[in-house]
């Protein structure tokens, strides 16, 4: 752990950002239901609006994630981190002021628009930042620590929400989001990922790209021509079979995760009449299990099992987690299912570490952005497939009595990811290079 002390400011930035984001998670279902269907425990409108929002956000991030990753390779991780961290503040501020119906719709629109840039981009850029500064041998453990920091923020945020009123929850979350953005700008040092660029994206100068013969150009068109394209990403998928297999795992794993996220709370509210405090309890159990696994188990298990096997183990536990939710016959079953987080949270950092080893040091942003874009596409497909199914089986018009049927279908998507993960084998690292020079600092 002491070898990662050079990343302490990044870890604090991620902790504060995730704390503010996760703090509102237990409350947002009750806020949505109160605004759209006051006094009811089942609301198809809320499920459809949440699914529609997920799909729109997914379409936006599908385009934005690779672009954000590519731009961070050119302009630095810190510059690109500034944008989503500031935009995150806006929708939180609306609900901190009021949660009445009109303000909820204002939040809904702002959240949809800002999340097209913010959703996943902070984590994507943080992964690229870690890859810039950590050697390959320690990268899986570093990714695990980063995810563990996120899980600990998840625990602290949801635990805080457990003891705060709904209005105070959004006010504190907004304040912490502001602190996170300021802290990042003041304390986080930038990563140096290349030499070709001599002007900052946020400066008043136009970008100055240095050509091999010493000449430079200030032509904006030349800048975008020099950026990685869709063809680069397709080439990456074709060049590395390991990368393409990881991309398939990422798609089905996130298809399941996003489906569960969009359905589980409405399912538990309709099935067991869960409220904000019970959602918070469930999230705290899951977060504590995830934190323990990522901070303590992962450094020990990666050398013993390898990233590929650990990825499969994590996805197997993810399947079990979802199937348990789907057949919950007692209010206690969801709490038991949440404890399976102790291993299924390991799959994501393992997958990201496998991906990072398939590219050179100058393509980390592009590679992580490509995977995040694939995850975003899963975010588009997931609500289209599972939101109508959830609404149907929670309504009186269900063809048969199985409220958790949609979550069982989500579990099958996770099973596909597990089966695909078993085909991944360790491959020679850094198969893909775009041929640029860059120097990376090692912590």
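Using N, Cα and C of the backbone, Cβ positions are placed for all residues, glycine too.
Given the structure is predicted, the values throughout are model-derived calculations rather than measurements.
Of the given residue ranges 240-259, 400-419, TrEMBL assigns the label transmembrane segment to 400-419. Same-chain residues lying 6 or more positions outside the transmembrane segment (367-394) and placing a CB less than 8 Å from one of its CB atoms are 42, 44, 47-48, 50-52, 54-55, 57-70, 72, 119-121, 123-125, 127-128, 131, 233, 236-237, 243, 246-247, 250-256, 258-259, 262-263, 266-267, 270, 351-352, 355-356, 358-359, 402-407, 409-410, 432. When Cβ-Cβ distances below 8 Å are used as the criterion, the transmembrane segment (400-419) is approached by residues 248-249, 251-253, 255-256, 259-260, 263-264, 267, 270-271, 312, 315-316, 318-319, 322-323, 325-328, 385-386, 389-390, 392-394 of the same chain, each at least six residues removed from its ends. Below 8 angstroms of C-beta separation, residues 29, 32-33, 36-37, 80, 84, 108, 111-112, 115-117, 119-121, 124-125, 228, 233, 258, 262-263, 266, 365-366, 369-370, 372-373, 375-384, 386-388, 390-391, 394 of the same chain, each at least six residues beyond the ends of the transmembrane segment (45-68), sit close to that stretch.
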